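Take a look at the structure set out below.
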């Protein structure tokens with residue numbers, strides 16, 4: 001069942017109204033910390049903040065589109081630009097959360113060995129690789145398989161379809177035969193792989209916390225911090241990617257689910273700054289790393 005256009009519009013507007021100031025504050029806070037001491041976590045937080053800010057800027061147009069029942073309100077030539085601005089940060093955010101998770105897991109489980117590779121320059125390289133992977137894969141899908149692409153035999157502009165009602169639609173009226181595999185490939189590489197990495201790393205972090213000397217209260221706080229990124233991936237970006245899997249398995253499924261998933265994905269711009277901001281201030285996992293490092297040093 002589709003959400004009413006007015007409700008979809010209100011949810012997009014609310015996500016923009018909350019997400020824009022939160023991400024601006026998150027980026028400013030990360031920059032302030034970076035001036036004192038740049039760490040890999042700050043590099044990932046800065047990239048995640050910029051990614052979410054780009055996604056946030058695209059939400060007003062998504063709100064207008066929802067209010068118009070999916071009709072594209074701008075010139076057709078701007079559809080590919082909007083597609084990259086909206087979907088690239090939606091996928092890149094999962095990669096940055098996975099990288100942040102991996103860094104914290106390595107710091108908690110292997111504190112001495114990780115220190116040798118804990119360099120911001122390596123983290124910048126990881127972020128550049130994530131951006132390149134997302135943009136290249138997304139660009140190939142758009143150019144080859146989107147409406148108006150090389151493998152599409154229509155004469156429409158790239159990304160634009162015109163259903164029977166005559167209103168142009170941007171990226172939401174693909175032929176199911178080509179849309180299903182294309183979207184599934186994006187979800188498999190750019191969501192489910194980062195999700196698996198994040199889940200594995202945070203289970204490892206929780207095991208490290210269980211064997212640490214922290215108080216019960218600080219263990220609970222650190223455990224909540226550890227689950228924040230995983231919870232964001234599952235609650236915000238998970239429904240959209242689940243709809244991609246459903247439409248791949250059955251082209252008749254996933255339409256309404258996809259619209260709801262795009263809305264929950266938009267709300268990642270609200271939760272991500274809260275998660276990364278809390279991670280940046282929380283002492284839990286850093287204390288675990290310090291305790292384990294001191295313990296390993298004393299044993300020597």
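Cβ coordinates come from backbone N, Cα and C, glycine included.
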Inset, instruction - Please state if residue 4 and residue 252 fall on one side of the membrane according to Swiss-Prot. - result: yes
Legend entry - Annotated N-linked glycosylation site residue, as Swiss-Prot has it, among 155, 165: 155
Inset, instruction - Could you pull out which residues elsewhere in the chain have a CB under 8 Å from any CB of the topological domain 'Cytoplasmic' (32-41), counting only those six or more residues past its ends? - result: 100, 103-104, 118-120, 122-123, 279-280
Legend entry - Composition by DSSP (helix, strand, coil) of residues within the topological domain 'Extracellular' (1-8): 4 helix, 0 strand, 4 coil
Inset, instruction - Please work out which recorded stretch in 9-31, 42-64, 80-101, 224-248 has the most C-beta pairs separated by under 8 angstroms from the transmembrane segment (257-279)? - result: 224-248
Inset, instruction - If we count other C-beta atoms within 10 Å, could you say which of the disulfide-bonded residues 79, 170 has the fewest? - result: 79
Legend entry - Same-chain residue ranges lying at least 6 outside the transmembrane segment (224-248) that approach it to Cβ under 8 Å: 90, 93-94, 97, 100-101, 104, 176, 179-181, 183-184, 186-187, 191-192, 194-195, 198-199, 202, 205-206, 209, 254-255, 257-258, 260-262, 264-265, 267-268, 271-272, 274-275, 278-279, 282, 284-285
Inset, instruction - Determine the Cβ neighbour count for residue 172 (site 'Important for receptor activation'): the number of other Cβ atoms within 10 Å of its Cβ. - result: 17
